[in-house]
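If you check TrEMBL, you get these features:
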- 644-654: compositional bias 'Polar residues' (COMPBIAS)
- 663-673: compositional bias 'Basic and acidic residues' (COMPBIAS)
- 703-716: compositional bias 'Polar residues' (COMPBIAS)
- 8-100: domain 'Ig-like' (DOMAIN)
- 105-192: domain 'Ig-like' (DOMAIN)
- 204-287: domain 'Ig-like' (DOMAIN)
- 295-382: domain 'Ig-like' (DOMAIN)
- 392-486: domain 'Fibronectin type-III' (DOMAIN)
- 487-584: domain 'Fibronectin type-III' (DOMAIN)
- 644-674: region 'Disordered' (REGION)
- 686-754: region 'Disordered' (REGION)
- 607-627: transmembrane segment (TRANSMEM)
C-alpha cells in the first residue's frame with residue numbers, strides 16, 4: 001500500500017543468530033519503497049566493505065562465507081549487525097542483530113557416586129555451558145536411560161532424579177551434552193542401592209529447591225523440588241504473593257518439579273515449594289524467583305504526516321516490554337539531537353517539531369530496546385512547499401456503519417492528478433487536540449476507506465490529502481460524524497441471603513459494560529408473571545438489599561441490567577430461596593440475652609443451694625455410719641458374753657424367751673418409756689458378718705411363731721436400754737465384774753413378775 005511504497009520501510013530485518021565455526025552465515029534484509037534504494041551493512045557501528053569473506057547479495061542480504069570466532073588478525077565475525085536503507089526521501093536503520101559463535105565448554109559439574117537405601121531418592125547432576133544451550137541426555141551402563149520409566153525424571157538443565165529406588169537401579173551413570181558445536185561426555189558415577197526400605201520415621205526434608213531463573217516470554221521454566229522423608233512427603237507449590245499459579249501450561253514432572261510452558265510476564269514471581277508430612281502440619285519449604293522478560297514491542301507506531309512550512313509536526317511512539325524499554329529517536333539513521341524547536345516528551349514517547357522548515361523533511365525512526373530485545377518503527381515528515389501539487393480531494397463523505405466503524409469516501413482532485421501516488425486519510429476525535437490525529441494511507445486507485453476500532457457514541461473528524469512524490473495537496477473539507485450508540489453489556493450479578501426476609505444483590509463495576517447511565521433491578525416469585533420493579537440505581541451503585549420477602553416456600557428470581565440513552569442491555573438473572581435460612585432460624589432461634597443472663601443467675605443460685613444440701617447429706621451419712629458402727633460393736637460384745645454363760649436345756653431357753661416376750665408386752669402396757677427389742681430387731685438394724693450371723697441363728701433358733709422374724713418393726717431406741725433375759729432353774733451366783741445381760745436381769749422389775 002501507499003504507506004509502505006512511498007516511504008522507506010523494512011519488510012525483513014536481520015535477527016539474532018548463533019553461527020557455526022567455519023560454516024556460512026546469511027543475515028537477511030529486505031526493504032521496500034521508492035527506487036532507487038541503497039542498502040549497506042554495519043557491524044558494531046562500522047561500515048562493512050565487501051570482501052572475499054563477507055559481501056552483500058542482490059536481494060540486500062549479507063553473506064559470510066566462513067564464519068570465524070577469531071581470525072588470524074585478531075578480528076572476529078561475532079558482533080551486532082544492522083542494515084541501512086536509503087532513497088531520496090531519507091534513510092532508515094534496521095534493528096540490531098546479535099551474532100554469536102556456537103560453543104561448548106567442558107563440564108564444570110560432573111555426576112557424583114551415591115549410596116542410597118532402597119525406597120529412597122537419588123539425584124545426579126551435570127552442567128556445561130554452550131551456545132546454543134546443549135541438550136543433555138543420560139546413559140546407564142552405557143545405554144540410554146529409559147525415559148518411559150515414571151520413576152526416572154530428566155530435567156532440562158542436566159538433572160536426573162530417580163525415586164522409589166530398587167536394587168535394579170544400581171549401575172554406572174554418565175551424561176552426554178550435544179549442540180551444533182560439539183558433543184561431550186561427562187565422568188561416570190556409580191549408584192549403589194543398599195539394604196531394604198526402612199520403616200524408621202524421618203522428618204520431611206527438601207534435598208534440592210528451586211533456583212532463581214531469568215527467562216524470556218514463550219520459553220519454558222522448570223522449577224526443581226525434590227524431597228525425602230518417611231512417610232514419603234507430599235510436594236506442593238504456591239506463590240509467595242498469594243496469587244494462584246493457574247493450570248494452563250502447568251505440569252508436574254516426577255514427584256514435585258514444576259514446569260511452566262509458554263511463559264508470560266504474569267508468571268514472574270517467587271515460587272514456594274513445600275514438602276508436607278501426610279496428615280500433619282509438619283512441612284519444610286524452599287523458594288526461588290522467576291523473572292520473565294518481554295522484548296520491546298510497539299503499542300502505537302509513529303505515523304507519517306505532511307505539514308506546511310511553519311506548522312508543528314508531532315510523532316507518537318509508545319512501546320511496552322519487561323523491563324520497560326528505552327526509546328531513542330533517529331533522523332535519517334542518526335541519533336536525533338533536541339533543540340529549541342525539537343522536543344521530546346513523555347519519556348521520549350512524543351516527538352514534537354515546532355516551526356518546521358524544508359530541512360526537517362526526513363524519515364524519523366523510533367527505536368525501543370530492553371535487555372530482552374529491540375524493535376524499530378519509522379515515519380516520514382513531508383514539508384509542503386512545491387508548486388503544481390494536486391488540488392484537494394472532492395466530495396468527502398462519512399457514513400456510520402456501526403458503533404465502532406465509519407466508512408469514508410471521496411472523489412479525486414480536479415487538478416494535477418497525474419502524479420498522485422496515493423491518499424492519506426486524517427482521523428481525529430472531534431474533542432481531541434490536533435496532535436492526537438492519526439492517519440491511514442490508501443492507494444491511488446481507492447476512493448473509500450473503512451475506519452474500524454472506533455469508540456461508540458463518539459464524534460470523529462475526517463479529511464483527505466492527495467500525495468505525489470513532490471508533496472501533498474491541501475486538505476479537503478472536514479467532515480464530522482458520530483458512531484452509533486451501544487447498549488451496555490451484561491453485568492456480573494451475585495446474590496447473598498441476609499436473613500429470612502432479605503437478600504442482597506451485588507455486582508461489579510466493569511469497563512466491559514461500556515457507557516451506561518445506571519442499572520435496573522427486577523425481582524419476582526418464579527411462579528408469577530409480573531416483576532416487582534424496575535428499581536433504578538445510579539451507575540456508581542454496586543449493591544442493593546431486597547427486603548420483605550416473606551414467603552420462604554417459593555424461589556425468587558432477581559434480574560439486573562445496565563442501561564443508557566441507547567436502551568437497555570442484556571440482563572443477568574439469578575435465583576434464590578429463603579427456605580434454608582428459615583429452617584436454620586427455627587432450629588437455632590436467636591438468643592434472648594437478658595433472659596439467658598437471668599437464667600444463668602438462677603442456675604448459679606440453684607447450684608450453690610444444691611452443693612450445700614449435698615454437703616449436709618454427706619455429713620449426716622457419716623454421723624449415721626459412725627453411730628451405727630458403735631452400736632454394732634456393743635451388740636457383738638453382748639452376744640459373746642451371753643454365749644459364755646452355762647448351758648441350759650433348749651426347752652427352758654425357749655420358755656424363757658417366750659416369757660421374756662410376754663413380759664415385754666406387759667411392760668409396754670404399763671410403762672411406755674421402757675423399751676426392749678428381741679434379737680430379730682437387732683439383726684434388722686445391725687446386719688452381722690456371716691460367722692456372726694451363724695452364732696445369732698444358734699441363739700434365735702427357739703423363737704416362738706407368735707413373733708416371726710419378717711414382721712419385726714425397726715426401732716431407733718438407744719442400745720443401752722436393750723437387754724436379753726433368760727430364766728434359769730437355779731439362780732447363778734452374781735458376778736460383780738460381769739456386764740452380761742443375764743447379770744443385769746435382777747435390776748428390772750418386770751422380769752420378776754414374769
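From the backbone N, Cα and C atoms, a Cβ is placed for every residue, glycine too.
In this chain, the domain 'Ig-like' (295-382) lies in contact with the domain 'Ig-like' (8-100); the count of Cβ pairs under 8 Å, excluding pairs fewer than 6 apart in sequence, is at least 3. Per-stretch counts of Cβ pairs under 8 Å to the domain 'Ig-like' (204-287) identify 105-192 as the leading one among 105-192, 295-382, 392-486, 487-584. In terms of DSSP secondary structure, the domain 'Ig-like' (295-382) contains 3 helix, 54 strand, 31 coil. In the domain 'Fibronectin type-III' (487-584), helix, strand and coil residues by DSSP number 9 helix, 50 strand, 39 coil. Counting residues of the domain 'Ig-like' (8-100) by DSSP class, helix then strand then coil, yields 0 helix, 44 strand, 49 coil.
The average pLDDT the prediction assigns to the domain 'Ig-like' (105-192) is 92. Across the range of the domain 'Ig-like' (204-287), the DSSP-based residue counts are 3 helix, 44 strand, 37 coil. Sorting each residue of the domain 'Fibronectin type-III' (392-486) by its DSSP state yields 3 helix, 49 strand, 43 coil.
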